[in-house]
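Before any comments, here is the structure.
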Amino acid sequence: MDQAFNVDDIAPIAVLIDELRSDEVQLRLNAIHSIPTIALALGPDRARNELIPFLQDSVDDEDEVLLALAEELGRDFEEYIGGPQHAHVLLGPLENLSAVEETLVRDKAAESIAKIAGVLSPLQIEEHYIPLLKRLSQGEWFTSRTSSAALYAPVYQKVSPALQEELRKGFSALGADDTPMVRRAAARSLGAFVKALSKQHVLTDGLPIYRRLHGDDQDSVRLLTVEDLITIAQQLTPQEVKEQLLKQIRVTVSDKSWRVRYMAATHFNELAEAVGVELVREELIGQCVQLLKDNEAEVRTAAAGQIPGFSKLLDREVILARIVPCVRDLSHDTSQHVRAALANQISGLAPLLGREATIENLLPLFLHLLKDESADVRLNVISKLQTVNGVIDIELLSDSLLPAILELAEDKSWRVRQAIIEYIPLLATQLGKPFFDEQLGNLCMSWLGDTVFSIREAATINLKKLTEVFGVEWARVAIVPKVMGMGQHPNYLYRMTTVQAIATISPSLTLPIIQSEIIGPLLQLAADPIPNIRFNVCKALEVLATTFGSTAEGREFIKQKVVPTLEQEKNDGDADVRYFSGRGIYGTCEIPDSFLPFITLETNE
């Protein structure tokens, strides 16, 4: 703490009050964020007796100010008021915040109360936390009751059996509340509460609450019970799941609301892992097929994302008999979102089926999806080819792959073009050097001239990655001559791309290639009439100095070629060129004495 901070003179509480009464929201926010400092200045006693009561009365404000207050009180604030033995004092203002109208504030207040519960003693919980929980649970307005739902689980295991019984009854009452918002909150918090229950009470108390919420007439409540179903299943044996939850699983998957079915599809793999292999094979295969054939595209999209994960739990023959026919139908789905989701996942089946079954059943689907009218579908297939290549030879796809790549490379959306560029190194690894040189080499160079900067930038990074894939000698023959040739182009963007490409790929090249192929044309561009090109040359020279300055040969090269050019550029008429030449010379091994004042001057500017 600042020693010059005089508590009596400055009167922190008065300052805080003034700022909280300001008309400017930002000032009030700053005041709230400063309450740890104020509490520290006041000391534990005054913080408890003056600051906390004041904050408890300060809940009539903008939502963002209240949100900040709820957050600050949950950040180990008990350390400012005397430690955990006084942490219950913080429950007062947080209780008020738990009943406000704004959901974000209530949720943050409940989160902070749960954190404080972690440091409370059993006596504090019994004397302060439980009464607070009862007040919130029985509040007249639904806002306090919704907040209370999340506060049962944090203390359940810390209280006596008698209080535990009261908590179970209290939570059950929330699950049967007249207000849908309260029942939603109960459904959202049921999973955490069930985890705190003993096995016996999961069956006697947790299941009845779940069943009541699962049968709610509001789909916004029912959809939240999907995750509760998974949590409860994790607490039970496979036989108990079969006896107690099978009906609910069937009802959930065939719910009249597509939003509930969507949630079931989204969490289907988690459910399958929770219920056990036996029930998966007896029951969930049919449920999975049902979701994959759902009337709603959103449900089919979510279900398609679960295919590989669910199939790992099945025998190969079952996948071929039950899952692959659904995959075949989805590949011709009318919704491009469904096809895109399938394209992103279908490759995951290849390792499960093996080479022969993949060629027979999946290869035709890959080829079909590579010709899809949607760019997203084609991109998703290409992005996952590595998985397929581990099972079958990618040459089997090459006839369809090349047209798909060429179409994506010329797509009107630059984001699609950028995405396919990022997959090129992966394709190069799988297709091999001969195929790449013949079919894709010129395409990669053409991207350097794209009208969108992000594409040109991605293209230079692509060349660096290709150099790492095919080797330096390949780059010397296939890339370097074409890149350096663009340095003579009349359009300055091409010349700029040459300089940026040099800076990007140089670290992957050898010094002899730099000396023989690159440094000469690069130094010519140092005299380019466009300032942007000249300072980018300085940046490229800095990269060369950093990359090759660790060897004696490299230092000699820098001394002979790099430093003289950078020294020449320090007198350029453009400020940016002078700055980057200064930065470049500073990064070299040789720093002429005459240049040091210039570096300092330019840096200070």
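The backbone N, Cα and C atoms fix where each Cβ goes, and this holds for glycine too.
TrEMBL does not curate its annotations; it predicts them automatically.
Quick look at what TrEMBL annotates:
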| type | residues | note |
| --- | --- | --- |
| REPEAT | 90-128 | repeat 'HEAT' |
| REPEAT | 167-205 | repeat 'HEAT' |
| REPEAT | 206-244 | repeat 'HEAT' |
| REPEAT | 245-283 | repeat 'HEAT' |
| REPEAT | 284-322 | repeat 'HEAT' |
| REPEAT | 323-361 | repeat 'HEAT' |
| REPEAT | 362-400 | repeat 'HEAT' |
| DOMAIN | 365-518 | domain 'Phosphatase 2A Regulatory Subunit A helical' |
| REPEAT | 401-439 | repeat 'HEAT' |
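Here the repeat 'HEAT' (323-361) is broken down by DSSP into helix, strand and coil counts: 33 helix, 0 strand, 6 coil. Counting same-chain residues at least six beyond the ends of the repeat 'HEAT' (90-128), those with a Cβ under 8 angstroms from any Cβ of the stretch are 52-53, 55-56, 58-59, 63, 66-67, 69-71, 73-74, 77-78, 81, 84, 135-136, 139, 141, 143-144, 146-148, 150-151, 154-155, 158-160, 163. As a whole-number mean, the pLDDT of the repeat 'HEAT' (206-244) in this prediction is 91.
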